[in-house]
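To start, the structure under review is shown below, and the notes come after it.
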Amino acid sequence: MAKVIGIDLGTTNSCVAVMDGKNAKVIENSEGARTTPSVVAFTDGGERLVGQPAKRQAVTNPEGTIFAVKRLIGRRFDDPMVEKDKALVPYKIVKGDNGDAWVEEAGKKYSPSQISAMILQKMKETAESYLGEKVEQAVITVPAYFNDAQRQATKDAGKIAGLEVLRIINEPTAAALAYGLDKKDGKTIAVYDLGGGTFDISVLEIGDGVFEVKSTNGDTFLGGEDFDMRLVGYFADEFKKEQGIDLKNDKLALQRLKEAAEKAKIELSSSQQTEINLPFITADQSGPKHLTMKLTRAKFESLVDDLVQRTIEPCKAALKDAGLKAGEIDEVVLVGGMTRMPKIQEVVQSFFGKDPHKGVNPDEVVAMGAAIQGGVLQGDVKDVLLLDVTPLSLGIETLGGVFTRLIERNTTIPTKKSQVFSTADDNQNAVTIRVFQGEREMANDNKLLAQFDLVGIPPAPRGVPQIEVTFDIDANGIVNVSAKDKGTGKEHQIRIQASGGLSDADIEKMVKDAEEHAAEDKKRREGVEARNQAEALIHSTEKSLTEYGDKISTEEKEQIETAISDLKSALDGTDPEEVTAKMQKLAEVSMKLGQAMYEASQAATANTETDTKSDDVVDADFEEISDKKK
């Protein structure tokens, strides 16, 4: 049976794991690393790079390098958070045809789901290379606080990448699975997950194979990227004070500052001070300018203190929803690379009143949990029951623009809930159902997921018709809604598609694009391999021609030289098939040369043997003389 892989699709890095016997195993990528940067780059030559190769060239290609796209997934272009991001990233964020935030590169628009699919394809290929077989099914993780639009967009990304997404699972829940799989005694744990772009806090009761989420809360626009950008702003401001030059308008300089910020942040987790040294960061009439400064851990902590404190309110809300006090939490599990920061650990310790558990790898534990869930769905992992919750309340807009909740936040999923509503006017023959997700009291302050009309209601006084609205949330946290006129039996049912999200036709087109691109990538790789083989063949043939050219006829020599020239011309072109054909031609005409080499080699071997025999005779004579002397 084909394996189900678990993928942690992260803002900064992604990770893939698979069940190996009873344990989840993280798979190394082609560069030998256990995590892959969630970065996609489009080069001037039309090549697409994913992961470490894309990240490596970011400084020289800032506008063509897309990173942290997870922060845009499932978001509208006019979302305030998108506005904030537009000012911080060097690549173009544009309005998609459906009103969502998309990215643009070299005049072509890509949805965040498409970019995410490219990263997922890389993870899929990593797993296939390790397993030696095709992978078609996956469990993909998302932040617990992702809304329906963001979950649906992530599922779409999986489909575009050629994966059947068996389950969308919350990141803290996945981490809890990996942490608690072998724990039999009952515990109440809090999973504090601060990653590259999002923050989640989940409270769970675990024990004897049951993982029950009691509550979850978070912030989908708070993570390591914000810490990096805070440092970038500080570096740029300090440089402006010293040199009078604003680096914020220079995309190349900004990319270098971002890399320096990320490096400084990591170094300050283990040391008290670090030095930022960026020579030739810019230039003016007086010549090149260099950026050199020292940064202490204390200064860094003061710069980001408000970001650290922003994680506390969700923690308070999650405990309140779970009906618990901080002291009733048995263990706090840290997840996400940012939790390596000493200040974060200090704040967590202070809030919960206990040292956090550090026995799991914060970069890998989520992918491992996803792999375990894949094993559960496949039947390989027995006696595990996972009870997750919906992070946000769901409801509809009712008279006066009020948000009427049908399903409260932190309700265990899957779940189904119905409620009967009526008309607001006499003889009203249609109703518009507007579906929202959020916690505000007025509908328009929440996230509009979808709207649809139920028509054909028989004329009647207001308040008489009975319209039954049913919400159904599946195990992925994805919503289906139906409205039914109980008088006529007329029903309208929809699967919520993110307002402005990708239609089935959009997804189908993107799947085709991805397949074509995979074919292009394969063709490009084959072209590179053919070029390498051709250059090696030219080199070896020219070398052999120099050494053994006098052993073949002039005509044969000319044929080989012509074939070499033709192959070199083919290498100047772009057709790998022509290169292959010219290689075969060169190999054919070089056969005589190979024969001459073989004959020369045989003759040399025969001479060597003769020399060896005469040497043996001399040795024998020497031995006999020695014997006589004795």
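Keep in mind that glycine also has a Cβ here, set from the backbone N, Cα and C atoms.
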Region 'Disordered' per Swiss-Prot - which of 515-535, 557-577: 515-535
Annotated stretch (region 'Disordered', per Swiss-Prot) among the listed ranges 414-444, 600-630: 600-630
Within the compositional bias 'Basic and acidic residues' (515-529), residues counted as helix, strand or coil by DSSP: 15 helix, 0 strand, 0 coil
Tertiary neighbours of Thr198 (phosphothreonine) (same chain, Cβ under 8 Å, six or more apart): Thr11, Lys70, Arg71, Pro143, Tyr145, Phe146, Gly218, Asp219, Thr220, Phe221, Leu222, Gly223
